[in-house]
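S.K.: Have a look at this one before I ask anything.
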Amino acid sequence: MDWIQLRISTTTEGIEPVCAVLMDAGITGMEIEDAKDFHCFLEANRSTWDYVDEELMSAFGGDTCVKFYVTDNACGADMRTQVTEGLKRLAAMDEKGEYGALSVTSANMKEEDWAENWKQYFKPMNVGDKILILPEWERLTEPTDRTVFTVNPGMSFGTGSHHTTQLCIQGLEQRIAPGMSVLDLGCGSGILSIIALLLGAKDATAVDIDPNAVEIAVQNAKRNRIDLNTYRTFSGDIVSDKALFRAVADKEYDIVLANIVADVIIGMEPVIPKLLKSGGVFITSGIIQEREADVTAAYEKTGLTLTGRQEQGGWVALQYIK
C-alpha cells in the first residue's frame, strides 16, 4: 500500500488547533516539527549532550509544521478533504493570524520496510589493529586474522562506526590481557564489553540506563557465543541508584569503560575510583575537544593518573590509571 505525506505549515501557537483538526478527521498519528520546541528540549536536557549533528539542527531549523499520512486511496482522499475543510474553518477563526499559513503540501510515499532500510549503510569494518565488526546480515568474503565481533545494534544503538567507539576499542586493544575483569558503563549495544571478552577478558559487566540497550547487549553476547555466566548486565544509573552501585561494585575491575558524554563522565567521578583495582585503567570517550578540560579538571581530584590521550575526528579518549 502506498501513502501520501501531507505537511501543514503553521506556527508554535497553531500546533494544538491544527492537531485538533486532524483528530476531528480521524487522524491520530501525526509528526510535529517545531524549531522553538526543539531548542527548548535541547536546553532542558543540556547535561546529556555536547554536540548536535548539523543535519539534525538543519532539519529542525525550518518552519513549524505538522505532518500526517493518509493512504493513497478513496479513504485517504476523504480524510484529506475533511482536513482541508477543517483548516479553512480554522483560518477563518484566526483573526490575528497567529496560526500561520495553514497551507498544505503533499508527497507520495512508497511502501518500504523502514525497519530494515538502515542496514544497507552498515557494512563490515576494521577497527584498530585486531577487530572486525561484522553486521549479522553480512558475510565475510575472505578469511581474516582479526577477531570478529558480530552485531545487530537495532536502529537506536551504536554500530561501532563512531569515532568515540573506535577510540575505546583501540584503548582496549592496548590494555586488555587474558583473565581481566571489565566494566562497561553506558554499554549501548554491548560493543565494548563483548569485544573485551573476545579479546580475552575473564568476565565483563555491562550497565546502561536504558533497559532496551541491556536487552540488545545480551542478544549480541549470544550472537558472539559468549558464555553468559561471564557476562553480567544491569539497567539503571550507577551514581544515583545506591543498590545498583553496590551490585556492580561487588568486585573491583581491571578496566572500566565509559563512552558517554562529558557531563555524565564528570558526574561519575565519585564512583570510578571505587570500581577500579589498584593499577586498573579507566578508558573514557564521548568527549568533544571543547569539553576535554572540564573532564580532566574533574578527575584531577580522584587520585587517578592521566596516562593516555587519543583524538579522532574532533573527539577525545582519555586513559587513567589508579
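Backbone N, Cα and C atoms are what each Cβ position is placed from, and that goes for glycine too.
Residues or ranges marked as S-adenosyl-L-methionine binding site by TrEMBL: Thr165, Gly186, Asp208, Asn259.
Tell me about the setting of these features in this model.
M.R.: Within its own chain, Asn259 (S-adenosyl-L-methionine binding site) has Thr164, Thr165, Cys168, Gly186, Gly188, Leu192, Thr284, Ser285, Gly286 as residues 6 or more apart in sequence whose C-beta sits under 8 angstroms from its own. Secondary structure at Asn259 (S-adenosyl-L-methionine binding site), taken from DSSP and collapsed to helix, strand or coil, is strand.
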S.K.: Let me know the DSSP-derived helix, strand or coil state of Thr165 (S-adenosyl-L-methionine binding site), please.
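M.R.: DSSP assigns Thr165 (S-adenosyl-L-methionine binding site) to helix.
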S.K.: Is it possible to get the count of other C-beta atoms within 10 angstroms of the C-beta of Asp208 (S-adenosyl-L-methionine binding site)?
M.R.: 26
